[in-house]
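Feature annotations, courtesy of TrEMBL:
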BINDING   60, 61, 62, 63, 84, 85  FAD binding site
BINDING   231, 236, 239, 251  [2Fe-2S] cluster binding site
DOMAIN    9-109  domain 'FAD-binding FR-type'
Ligand SMILES: Cc1cc2nc3c(=O)[nH]c(=O)nc-3n(C[C@H](O)[C@H](O)[C@H](O)COP(=O)(O)OP(=O)(O)OC[C@H]3O[C@@H](n4cnc5c(N)ncnc54)[C@H](O)[C@@H]3O)c2cc1C
Ligand code: FES
């Protein structure tokens, strides 16, 4: 049996093809790793390291932002926030990348889905992008609800605009779209359209709002959760999140969970 056909995560080295600074602290990285690119699905992620002498010690998790199985590459959209991502930001084409993946369960698109809503805050759009492209391929209408601190941090907005039925923006400073909660727009759409599934990624607050709307309008909803991860493969239990079915490992049972299952304590 070919190694690509075995459904276990692969631990391999990849090659950095390009690393582009998009905006402020946001970057897009393209990695060549054909075995992983051929198996990756929307909503899954890789654990990655490209630092010497195990400093920092642990790999870091990143969602697949683009998957090109034909060329054997995948993209990561990332925000520079700490030691690991600072090293990533400085890396150059040709650098080696240590990878484990693909990991996690990925998004489900139920049969007979006609309309979906994607709700993203900031870098949360990274996890949703392959789902948006897959939905487009299947002829599903996409309503996108994007929010960020300020207008130039509304990432991928042109691309999403070109393939979505409608796109709604909110920014904290009002520099693009409206100020306030992007879910207010979603509520307006829900009053007029049947949205079969809502997918959300980006903040706890956003997910709680989706849960409230779900109670009122009764749609399927899935969230891509983030927790600090040590192993990424279900072994250390360091990434557990409270659900109404006990604690679940975000890296193994997730990162995609039905919104109604997830419990936030605060
Ligand atoms: C399944 C999954 C998918 C992810 N996908 C992406 C992605 O596509 N793009 C992207 O930019 N980031 C993504 N992240 C977050 C990314 O893993 C972290 O930003 C990264 O690990 C930070 O590493 P660092 O060494 O730069 O920062 P560190 O030095 O480890 O941390 C810097 C600061 O950020 C905080 N922090 C670190 N990780 C997280 C986290 N997961 N949630 C909240 N706060 C955190 C730390 O507490 C600390 O305050 C994902 C996380 C998960 C769990
Ligand atoms: S990170 Fe180790 S179990 Fe999830």
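Cβ from N, Cα, C; glycine included.
What TrEMBL annotates, mapped onto the structure for a quick look.
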{"residue": "60", "record": "FAD binding site", "DSSP class": "strand"}
{"residue": "84", "record": "FAD binding site", "DSSP class": "helix"}
{"residue": "231", "record": "[2Fe-2S] cluster binding site", "DSSP class": "coil"}
{"residue": "236", "record": "[2Fe-2S] cluster binding site", "DSSP class": "coil"}
{"residue": "251", "record": "[2Fe-2S] cluster binding site", "DSSP class": "coil"}
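Taking the centroid of the Cβ atoms of 60, 61, 62, 63, 84, 85 as the FAD site, the other same-chain residues with Cβ within 8 Å of it are 47, 48, 76, 78, 88. Between the C-alpha atoms of residue 60 (FAD binding site) and residue 231 ([2Fe-2S] cluster binding site), the distance comes to 9 Å. Cβ neighbours within 10 Å of residue 63 (FAD binding site), excluding its own Cβ and spanning all shown chains: 27. Cβ proximity to the [2Fe-2S] cluster site centre (mean Cβ of 231, 236, 239, 251, cutoff 8 Å) flags the following additional same-chain residues: 229, 230, 232, 233, 234, 235, 237, 238, 249, 250, 252. For ligand 1, the nearby binding-site residues are 61, 84; that is, of 61, 84, 236, these have a C-beta under 6 Å from one of its atoms. The number of other CB atoms found within 10 A of the CB of residue 60 (FAD binding site), across every protein chain shown, is 22.
On a Cα basis, residue 251 ([2Fe-2S] cluster binding site) lies 11 Å away from residue 63 (FAD binding site).
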